[in-house]
Amino acid sequence: MWQDNINAQLATLEKKAQKRKLPRMERSDEGWVMMNGRKLLNLASNNYLGLADDERLIEASIRAMQTYGAGATASRLIVGNHALYEEAEAALVKWKETEAALIINSGYTANVGILSALASREDVIFSDKLNHASIVDGAILSRAELKRYRHNDIDHLETLLKKTPVHKLKIIVTDTVFSMDGDIAPLRELVALKEKYGAILMIDEAHSSGLYGEKGEGLAHHLGIAEHVDIHMGTFSKALGTFGAYVTGKKYLIDYLINHMRAFIFTTALPPAVLGSIRAAISIVQQEHERRINLFTHSDYVRNELKRLGFNIGASTTQIVPIIIGDNERTVRFSERLQERGIAAVAIRPPTVPEGTARIRFSLMATLTKQQIDWALEQIALVGKEMGVIA
Ligand SMILES: *Cc1c(COP(=O)(O)O)cnc(C)c1O
């Protein structure tokens with residue numbers, strides 16, 4: 001019976017402490033959230049620059065909705081391409097100093113859509129083992145051969161590239177900042193490899209767009225190699241505080257996607273309100289450098305303090321800081337204890353991360369205060385000692 005099978009699978013998840021539950025969120029302000037009726041300091045959101053509750057984004061959304069309505073009414077190729085799209089895409093082209101840009105409904109959709117549009121059965125996709133799930137799903141949907149290289153392991157990637165016939169289309173794809181570890185991809189080395197082997201390089205800047213680079217363009221710009229990356233994908237749903245995603249690159253690439261990307265063609269355009277806030281966020285993020293500076297100051301401080309306390313923060317060098325605990329149940333207990341002490345930070349378990357590396361993941365926000373952070377570190381240290389994670 002299929003029902004018994006489903007219930008058995010749920011029971012297995014429960015037993016392995018891997019069953020997911022939806023928490024109930026109520027409202028949030030100044031770094032705090034109400035979750036399951038408790039007031040918690042939010043160290044779990046991707047609202048890195050604090051733009052999600054910015055009045056300017058909210059007002060731009062309202063204005064857009066009043067002008068263009070609540071819904072887009074159709075896909076962009078039919079009648080959903082309201083004027084805000086062109087404005088926002090023109091702003092993206094300028095910001096990223098590129099030829100063309102396309103806004104896509106979400107980061108998940110973008111990765112699934114781009115990879116499945118570009119690659120097909122005879123092609124090969126080389127993907128970092130810790131890439132986001134949407135990249136894996138895009139590769140599977142494309143039906144290309146998927147070769148997953150060891151995390152940030154350039155030598156392993158080169159071995160795989162070498163073994164692949166020269167005539168095959170090759171796509172190398174990587175997150176720039178890895179969402180579960182907070183470490184960074186070796187983009188310069190990836191560019192060198194893609195040039196050596198004639199591959200396409202695609203990067204996912206979901207956790208770096210808005211943060212790195214002089215105007216928050218992303219990690220590729222920060223490293224001065226933007227024009228060597230063929231496909232730049234990023235989201236508006238994290239540092240930019242709203243929703244949706246983009247892909248930027250050469251004009252022919254964007255034209256190709258408009259014509260071949262099913263996840264773009266066969267879906268309703270974003271609601272005008274979302275485009276309004278995207279447009280506002282693109283301009284704010286380029287100007288308000290102090291947000292980035294605050295975030296980096298906070299991140300450096302938190303990483304150093306957690307290390308000093310004796311926690312294993314893995315290879316993090318960014319605003320995403322895990323403390324790796326290992327065991328699932330212990331990790332879940334750790335996050336519950338943190339909640340009891342007033343901190344929202346998620347337990348991340350397999351299959352999201354490899355077996356035996358369950359962790360608490362903290363993600364920081366520019367808008368936190370030093371007092372909030374020091375208080376949080378105290379709570380984390382107390383729980384760490386209570387549970388024997390640190391001495
Ligand atoms: C969050 C994330 C996505 C998905 O973006 P959404 O806009 O939330 O759909 C894709 N890639 C990476 C690396 C992400 O962290």
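Every residue, even glycine, has its Cβ placed from backbone N, Cα and C.
For the domain 'Aminotransferase class I/classII large' (39-380), the predicted model reports an average pLDDT of 97. What TrEMBL lists as domain 'Aminotransferase class I/classII large' is 39-380.
Lys238 (N6-(pyridoxal phosphate)lysine) carries neither a helix nor a strand DSSP state and counts as coil. Residues or ranges marked as N6-(pyridoxal phosphate)lysine by TrEMBL: Lys238.
If you draw a 10 Å sphere around the CB of Lys238 (N6-(pyridoxal phosphate)lysine), it holds 28 other CB atoms from the protein chains shown.
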